[in-house]
Amino acid sequence: MERPLHLLLVFLSSPWLLLLQGVSSLQFTRDDFPHDFAFGAGTSAYQYEGGAAEDGRTPSIWDTYTHSGRHPEDETGDVASDGYHKYKEDVKLMSEIGLEAYRFTISWSRLIPSGRGAVNLKALQFYNSMINELVKAGIQIHVVMYHMDLPQSLQDEYGGWISPKIVDDFTAYADVCFREFGDRVVHWTTVLEPNAMAQAGYDMGILPPNRCSYPFGSNCTAGNSSVEPYLFIHHSLLAHASAVRLYREKYKVAQKGIIGINIYSMWFYPFTDSAEEIGATERAKKFIYGWILHPLVFGDYPDTMKKAAGSRLPIFSNHESEMVTNSFDFIGLNHYSSVYTSNNNNVVKAPLQDLTADVATLFRVTKNDTPTPVFVPGTIVDPRGLEHALKYIREKYGNLPIYIQENGSGSSSETLDDVERINYLAKYIAATLKAIRSGANVKGYSMWSFVDLYELFGGYSTWHFGLVAVDFDSEKRRRQPRRSASWYSEFLKNNSVIRVEEDGFVSAASHAQL
């Protein structure tokens, strides 16, 4: 049910008192979180850096995708937020806001332009300089090694992630990252959102590397929607586990870091209380959460997936199962919203079937929406969904250490007076605290995003997620902090009081981000 957003800022000298409606009534400050909990914000290399053809960087699959005209807005990330040139200014802004942590990704095709072999010295200078700036600012560093930007050379050579050859190349790339940056980087994430990339990139072909097959996807020049999503995840897990083993054997004693993997998360509510709808909801959870977490905890894929995909689902050898099991120190969670789910009665078992048919579930953002068989990012503000997701993980897979690595609200408006974003963030931060008090082992929270970015589906003009606005019409990509940056700063630096009142679902601007 749609309800208006309500926000009242009451200034009682200092700190601020923020009254919001959202999760059940809760009043809190920064000090209510554990002493080692870190609040931050994030960016991603292709969306942030720019400098696409500078200093030895070579094309990634994202460059190929956007330059082929497949992006809906026909825009590229060639300049993006120009972080390649403006990172020092950005770190200064982070410090002024009071960020305790910053999560960014490394561009593989910048660091190792050929995908393997020689390291780009200019890239080393860039990442070392940025890391050093963060260290000087006292900001905790969280590095992601891969987010959908494979060097195009490896995609051309052997098909990238659908080939087992990727395991050795990714491990060698990770080795360079650990060796060059690990003396200052403590928090490592191997792969970001593989469960989302599987459908978007390899079943539907709507994101890089734009692989799909008829009749399941369209506008693809190559691919196999029946098997490639499963190969991609399988090799992602093996590459992740190989990198973790390398880190633990070669670097962990000296560097004392931790390493994990990230999953895209949404919460699912059955459309009705029927057994059929509840079954579809549980099946969707297995494909979103269990596809990654089940092998990491139990060494194999969920039985639900084995039954649905059959022989198309790869099998772990005993050695691979042992390597994958417990190959993490934490799980990164990207969470934005919730959706309604129902059984897809139109799916009939056929010799040729894709991931979407295997899930056999329909999704609705609201109960009045037309259902779609594709995992659809939600647009409702539902902080309880985050609580449910954390509880589900704890009950099914144990009380795993979790970093919320992305959570945020996007708006089509470029306004600096982003009250809706403040509303959203306050509710989800409150939900995080409630989950911690209920026993969830959440170690950190990173909002999405630090600055406005080149958005994966929306380009420059459709959605703006940043605490800091970026003028994409300006050659200098001028920065200007939004009201949400001031609010976040008051919470982090001045221990301002936030009170969130119970309300339930609240409709807001889209905050879905893959």
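Heads up, the Cβ atoms here are built off N, Cα and C, so glycines get one too.
Within 10 Å of the C-beta atom of GLU193 (active site, proton donor) sit 25 other C-beta atoms, taking all shown protein chains into account. As annotated by Swiss-Prot, active site, proton donor applies to GLU193.
According to Swiss-Prot, the feature active site, nucleophile maps to GLU406, an assignment based on similarity to another entry. Its own atom aside, the Cβ of GLU406 (active site, nucleophile) has 27 Cβ atoms within 10 angstroms in the protein chains shown.
If you look up Swiss-Prot, you'll see GLN47, HIS147, TYR336, GLU406, TRP448, PHE465 marked as beta-D-glucoside binding site.
The disulfide bond feature in Swiss-Prot is assigned to CYS212-CYS220. Under 8 Å, Cβ to Cβ, and six or more positions away along its own chain, CYS212 (disulfide bond) finds TYR202, ASP203, MET204, GLY205, SER218, CYS220, GLY223, SER225.
DSSP gives ASN219 (N-linked glycosylation site) a coil state; it is part of no helix or strand. The N-linked glycosylation site annotation in Swiss-Prot covers ASN219 (among others) and is backed by sequence analysis.
If you look up Swiss-Prot, you'll see ASN224 (among others) marked as N-linked glycosylation site. The C-beta environment of ASN224 (N-linked glycosylation site), restricted to residues of the same chain at least 6 apart in sequence and closer than 8 Å, consists of ARG211, SER213.
Among the features that Swiss-Prot reports, N-linked glycosylation site is placed at ASN407 (among others), with the record citing sequence analysis. ASN407 (N-linked glycosylation site) counts 26 other C-beta atoms within 10 Å of its own C-beta, drawing on all protein chains shown. Reduced to three states, the DSSP call for ASN407 (N-linked glycosylation site) is coil.
Residues or ranges marked as N-linked glycosylation site by Swiss-Prot on the basis of sequence analysis: ASN494 (among others).
The signal peptide annotation in Swiss-Prot covers 1-25.
Cβ neighbour count for PHE465 (beta-D-glucoside binding site): 27 (other Cβ atoms within 10 Å of its Cβ, all protein chains included).
The two recorded residues, PHE465 (beta-D-glucoside binding site) and ASN407 (N-linked glycosylation site), have Cα atoms 10 Å apart. Fewest other C-beta atoms within 10 angstroms, among the recorded positions HIS147, ASN219, TYR336, are seen around ASN219. Note: the CA-CA distance between HIS147 (beta-D-glucoside binding site) and GLU193 (active site, proton donor) rounds to 7 Å. Counting Cβ atoms from all protein chains shown, CYS220 (disulfide bond) has 20 others lying within 10 Å of its own Cβ. Working note on the recorded positions GLN47, ASN494: by count of other C-beta atoms within 10 Å of each C-beta, GLN47 ranks first.
Only GLU406, ASN407, of the recorded positions GLU193, ASN219, GLU406, ASN407, ASN494, have a C-alpha within 10 angstroms of the C-alpha of TRP448 (beta-D-glucoside binding site).
Following the DSSP three-state reduction, the secondary structure of GLN47 (beta-D-glucoside binding site) is helix.
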